[in-house]
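Presented below is the structure to which this report refers.
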Ligand SMILES: Nc1ncnc2c1ncn2[C@@H]1O[C@H](COP(=O)(O)OP(=O)(O)OP(=O)(O)O)[C@@H](O)[C@H]1O
């Protein structure tokens, strides 16, 4: 009898086995993913239809239906409801963004269809990011699975006057300048400020940091040059920042290449940021009389800083109308409220809003108005455990100093 010889190539078998397993996993994952996605879309469509039906936002008429067989019997002719008008609503879910276009007519339900944001947010468990009125329809853009759009500190990006803070949230400081941050103790305000400082140091930005409580931000004085916590120093820093801005406004007009409407970046100048933590506490410390000139300077920077590239990042535990007077708050285009806040706190940050605010225990979570008047849920960039801001910021600063020296030597 012939002996069958098995000539097994073990590495080849192992390789084929691994490839098969990988292919199976990929197929199962994509099947699962698309099924879940399709299921989500079906549920959303059903919810929207239910909203229109249960609110009675359609028109109908009663029609008599004749049962051909039993029309002579009592009950043979029945009355049925025939829908004569149903609102046109188009829904898409793409990349975590839900777009809902609602056709607007001048009919009976025009008002209701123009204000669906609250119902959509709570009904579909998502956050409105844009609402735009277009010709004959209104478009609601909602973020589905907001926490899924949270990025880590390493995923932050900065370029062309635009700082990425979440997958769909950017601070476009060149066009929508000045940031206001409010957050109760432990809400994640300091971590957020440190993330922004760290990211700004990747550019040619010049930073001035003020921390009247001599707390976490003041610790940066060991690695950064312009960090202050003493009252007098802080006041003179604000004055100096404002004067520099006014001087640059003048100087820019005399620069070759100056063009009306263009900003500092067009002329190759660097942006300046005044990072001011515990603003309200500082103003309270100064008292009514001494706080007025400081507020005037800040107001001036907030009003005139955009073109010359002088920006303020103002943080406080609770926004106080007393220190954000005369429309000063409205000059802060990007506003973030972190952690637990009172209804009054939210209305001071965002103005009177028809929105329900919820508190969740997640650190660095809150609400944002990125400058478009729409308030949505917000998560600050995630910082890994054990991350050493002081070391990382110090490293960046040393690199910047090194690059500066090289440039001078050239
Ligand atoms: N983005 C984040 N990523 C990871 N952890 C965070 C983040 N934000 C906050 N935390 C956690 O929450 C804690 C409190 O945050 P943080 O110090 O920023 O709060 P705060 O609002 O500045 O409070 P306080 O005003 O008392 O300083 C941090 O020590 C950190 O453990």
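Placement of Cβ uses the backbone N, Cα and C atoms for every residue, glycine included.
Model, not experiment: these values are computed from the prediction.
Residues annotated as transmembrane segment in TrEMBL: 12-34 (among others).
Among the features that TrEMBL reports, domain 'FtsK' is placed at 166-347.
Every protein chain shown contributes to the tally, and the Cβ of residue 187 (ATP binding site) ends up with 24 other Cβ atoms within 10 Å. Annotation source TrEMBL lists ATP binding site at 183, 184, 185, 186, 187, 188, 189, 190.
Feature annotation from TrEMBL assigns transmembrane segment to 191-210 (among others).
Checked against ligand 1, the binding-site residues 183, 184, 186 give 183, 186 as the ones with a Cβ under 6 Å from it, listed in sequence order.
Sequence-distant neighbours of residue 190 (ATP binding site) (same chain, 6+ residues apart, CB-CB distance under 8 A): 215, 216, 217, 277. Taking the mean position of the Cβ atoms of 183, 184, 185, 186, 187, 188, 189, 190 as the ATP site, the remaining same-chain residues with a Cβ inside 8 Å of that point are 317, 338, 339. Sequence-distant neighbours of residue 183 (ATP binding site) (same chain, 6+ residues apart, CB-CB distance under 8 A): 189, 192, 315, 317, 336, 337, 338, 339, 341, 366.
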